[in-house]
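Encoded as structure tokens, the structure appears first; notes follow it.
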Amino acid sequence: MLGRLGFETAALDAKLLTGHALGLDALALATREQEPVADADAERVAGLLQRRMSGESVARIIGEREFFGLAFALNAATLEPRPDTELLIELAIKALPVGGRLLDLGTGTGCIPIAVLANRSDAIGLASDISAEALEMAQINAARHGVADRLRFAPGSWFEACSRNGRGEDKFDLIVSNPPYITSAVLETLAPEVKDFDPRLALDGGPDGLAPYRIIAANARDYLSPGGQVLVEIGYDQGSSIRALFAEHGFADIVVHKDLNGLDRVISGQHLKGS
Ligand SMILES: C[S@@+](CC[C@H](N)C(=O)[O-])C[C@H]1O[C@@H](n2cnc3c(N)ncnc32)[C@H](O)[C@@H]1O
């Protein structure tokens, strides 16, 4: 049925959802394939398949998605972490100095700081999001992956979370973000899986997709230690505009990093000592 509706991963989706509904892993599902299924179980499977046919992703139905080798629980307020963002994690793990302090703006499931801190046991961090519901999920994920004692959470719009006690009181060695960067017009053209199920707040970057970057570029240096860096994920066609924004606000050594598909994916910039 899923296949006939054009779902490219129909067979895999059906297996994952059936396994989830019946509480069986892939091996158990394969070995018990010929066993009869109780009516109530069959109804549960049919219910999940129906949701998939309406466009909801397998990860949302199951309630979690794997990212950088870790499983992240999702709720309605969190974006599903995407493989695209794994490049940002690799760069952040390398960029953080020993004992470094990380700030993540717009944390969603918390996938960025949790994946970084899980791989850097010397580092600590602060994660913020404007959505309190997303932050709740991020805190659950931090506990699940054993980094809750090194990661603080604070609600607020962009830098508000770290400026409540006075501008620049908190300084960080690395500021990271995967902000919403889709233009409001393009949003309407996206696949139902994204448009109808990922939260708008996590996608909409305003009329030109750059609104969050303007705020981040204009304020990040106030919260960076001298020599600190900023690393932000970007859309494939935003490299030159966002490079210009960071240059305008005094960042040095600005580099556009390409992903495995050769597309612009992350921008880094440095707050030089003494500047
Ligand atoms: C593209 S999602 C990224 C989520 C997560 N960091 C990831 O990579 O999967 C952007 C996030 O920014 C948050 N956000 C949107 N507007 C915000 C604002 N004004 N201040 C702080 N966070 C905001 C959204 O709630 C969402 O969690």
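Glycine too: its Cβ is placed from the backbone N, Cα and C atoms.
So that you can see what the record holds, here are the features copied from TrEMBL:
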type    : residues                                                       : note
BINDING : Gly106, Thr107, Gly108, Thr109, Gly110, Asp129, Trp158, Asn178 : S-adenosyl-L-methionine binding site
BINDING : Asn178, Pro179, Pro180, Tyr181                                 : substrate binding site
DOMAIN  : 3-63                                                           : domain 'Release factor glutamine methyltransferase N-terminal'
DOMAIN  : 85-184                                                         : domain 'Methyltransferase small'
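Of the listed binding-site residues Gly106, Gly110, the Cβ environment within 10 Å is emptiest of other Cβ atoms at Gly106.
Counting every protein chain shown, 20 other Cβ atoms lie within 10 Å of the Cβ of Pro180 (substrate binding site). Cβ proximity to the substrate site centre (mean Cβ of Asn178, Pro179, Pro180, Tyr181, cutoff 8 Å) flags the following additional same-chain residues: Gly106, Ser177, Ile182, Ala202, Leu203, Gly205, Pro212, Val232, Glu233.
Taking Cβ-Cβ distances under 8 Å and a sequence separation of 6 or more, the neighbours of Gly108 (S-adenosyl-L-methionine binding site) in its chain are Thr78, Leu79, Pro81, Asp129, Ala134, Met137, Ala138, Asn178, Ala202.
Of all Cβ atoms in the protein chains displayed, 25 besides its own lie within 10 Å of the Cβ of Thr109 (S-adenosyl-L-methionine binding site). A strand conformation is recorded for Asp129 (S-adenosyl-L-methionine binding site) in the three-state DSSP classification. The Cβ of Trp158 (S-adenosyl-L-methionine binding site) has 20 other Cβ atoms within 10 Å, all protein chains considered. For the domain 'Release factor glutamine methyltransferase N-terminal' (3-63), DSSP puts the residue distribution at 39 helix, 0 strand, 22 coil. Among the binding-site residues Gly106, Thr107, Thr109, Gly110, the ones whose Cα sits within 10 Å of the Cα of Pro179 (substrate binding site) are Gly106, Thr107. For Asn178 (S-adenosyl-L-methionine binding site), the number of other Cβ atoms no farther than 10 Å from its own Cβ, over all displayed protein chains, is 25. Secondary structure of the domain 'Methyltransferase small' (85-184) per DSSP (helix as H, G, I; strand as E, B; remaining residues coil): 38 helix, 23 strand, 39 coil.
Across the fold, the C-alpha of Gly110 (S-adenosyl-L-methionine binding site) and the C-alpha of Pro180 (substrate binding site) stand 15 Å from each other.
Taking the Cβ of Tyr181 (substrate binding site) as reference, residues of its chain lying under 8 Å away and at least six apart in sequence are, in sequence order, Gly205, Gly209, Leu210, Pro212, Tyr213, Glu233, Ile234, Gly235, Gln238.
Here Thr107 (S-adenosyl-L-methionine binding site) comes close to Pro113, Ala127, Ser128, Asp129, Ala134, Leu135, Ala138, Phe153: these same-chain residues lie at least six apart in sequence, with C-beta atoms under 8 angstroms from its C-beta.
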